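J.: Pasting the relevant annotations from TrEMBL:
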type: DOMAIN; residues: 27-147; note: domain 'Poly A polymerase head'
type: BINDING; residues: 32, 35, 116, 159, 162, 165, 168; note: ATP binding site
type: BINDING; residues: 32, 35, 116, 159, 162, 165, 168; note: CTP binding site
type: BINDING; residues: 45, 47; note: Mg(2+) binding site
type: DOMAIN; residues: 175-228; note: domain 'tRNA nucleotidyltransferase/poly(A) polymerase RNA and SrmB- binding'
type: DOMAIN; residues: 250-393; note: domain 'CCA-adding enzyme C-terminal'
Ligand SMILES: Nc1ccn([C@@H]2O[C@H](COP(=O)(O)OP(=O)(O)OP(=O)(O)O)[C@@H](O)[C@H]2O)c(=O)n1
């Protein structure tokens, strides 16, 4: 098969491959970008594989960085873009079912494709757009099937994260799992215990926000892969409820918020739960705000001040979460009310602490309280948001 009219992201990288070929080396696009071009998905970056050794790659390009030279990867800077170029390799020395510590460079593309996880990820494309397909990956793409390259047990023993990748691709691509691949996951799910929580989290999130997340979650549960995910309390409750959701979350913050709401994790425990999954503080903060506002929405119609405090981002994200959970919420009315607020963030207030001091208010806790009071009155429309009106209010 040959692909004509390659997307810009490939054309932009073409001179990099041609440079390798001019140096008498082989060069191919490999991995996810080849799969995605065939599926018509958006491609953000391309991976390049070559017969050149890392040192030889470096000699061919003016600007390069040793990103993972031990594993054969050099990042080349070309025309303002960076490209990862990896020497054809086989992997050996798998330790503890995690990524290999040792790789052996080979001169042959076939060997390199053979070590890859799934047939749909083991496709390569040359500079003419011709596809190299040694394991019927094209057929599997056509039948929307995720199948391990060769023996699935071997692939999962090499890197147990691949079991999570399988269900993640199911969700993202709306594919099914090949029978033997699914069986091998069911037989080897405990290997996942060896994998770091960060790597599992990344796949878990991609699975959770994919368009086929419900079906993927079901397989995640059926194969018992879910049992070996660390620090995931109450997952059976979650997974029994997840398939009933109206639609899948598309945002990571929505996913975590939904999980926390479904698992009824208390406010003071949210931080621990998010940290156990090694989520960032920023993500934890966003999720805490969404969950708090969701609770508030379940309890009463928010006041203007509560809408102001919540802010637009959290408001929209919480509406998303409420819809997914099937909670009735008049989102249009809430958004309209938010948009009609006299000020939408504190910076829009006509005065600040300095103005208050200049108008005779003493610095101290009372100043903060007064500023807050002014803000509330401006938001409720009782006080005009001008220096004059606020100045008069202070003097009164
Ligand atoms: N555990 C892994 C991870 C990756 N790969 C191979 O390395 C390629 C690139 O991996 P990565 O960038 O992690 O994933 P993609 O398949 O490109 O998918 P995406 O970019 O959507 O994450 C994969 O296509 C696959 O051939 C593998 O065999 N085993």
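Just so you know, glycine gets a Cβ as well, placed from its N, Cα and C.
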J.: Filtering 45, 162, 168 (binding-site residues) by proximity to ligand 1: which pass a Cβ cutoff of under 6 Å to any of its atoms?
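T.: Cβ < 6 Å from ligand 1, in sequence order: 162.
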J.: How does the domain 'CCA-adding enzyme C-terminal' (250-393) divide up by DSSP, counting helix, then strand, then coil residues?
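T.: So the domain 'CCA-adding enzyme C-terminal' (250-393) is made up of 102 helix, 0 strand, 42 coil.
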J.: How many Å lie between the Cα of residue 162 (ATP binding site) and the Cα of residue 45 (Mg(2+) binding site)?
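T.: It is 21 Å, counting Cα to Cα.
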J.: Based on DSSP, name the secondary structure state of residue 47 (Mg(2+) binding site): helix, strand or coil.
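T.: Residue 47 (Mg(2+) binding site) sits in a strand per DSSP.
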J.: Look at each of the binding-site residues, 45, 159, and point out the one with the fewest other Cβ atoms around it within 10 Å.
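T.: Minimum Cβ neighbour count within 10 Å, taken over the binding-site residues 45, 159, occurs at 45.
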J.: Taking the residues the record says bind ATP (32, 35, 116, 159, 162, 165, 168), how far apart in Å are the two Cα atoms that sit farthest from each other?
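T.: Output for ATP binders 32, 35, 116, 159, 162, 165, 168: max Cα distance 20 Å.
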J.: For residue 47 (Mg(2+) binding site), find which of the binding-site residues 32, 35, 116, 159, 165 come within 10 Å, Cα to Cα.
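T.: Checking each Cα against residue 47 (Mg(2+) binding site), the hits are 32.
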J.: For the domain 'tRNA nucleotidyltransferase/poly(A) polymerase RNA and SrmB- binding' (175-228), DSSP counts of helix, strand and coil?
T.: 42 helix, 2 strand, 10 coil
J.: Average pLDDT across the domain 'CCA-adding enzyme C-terminal' (250-393)?
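T.: That stretch averages a pLDDT of 93.
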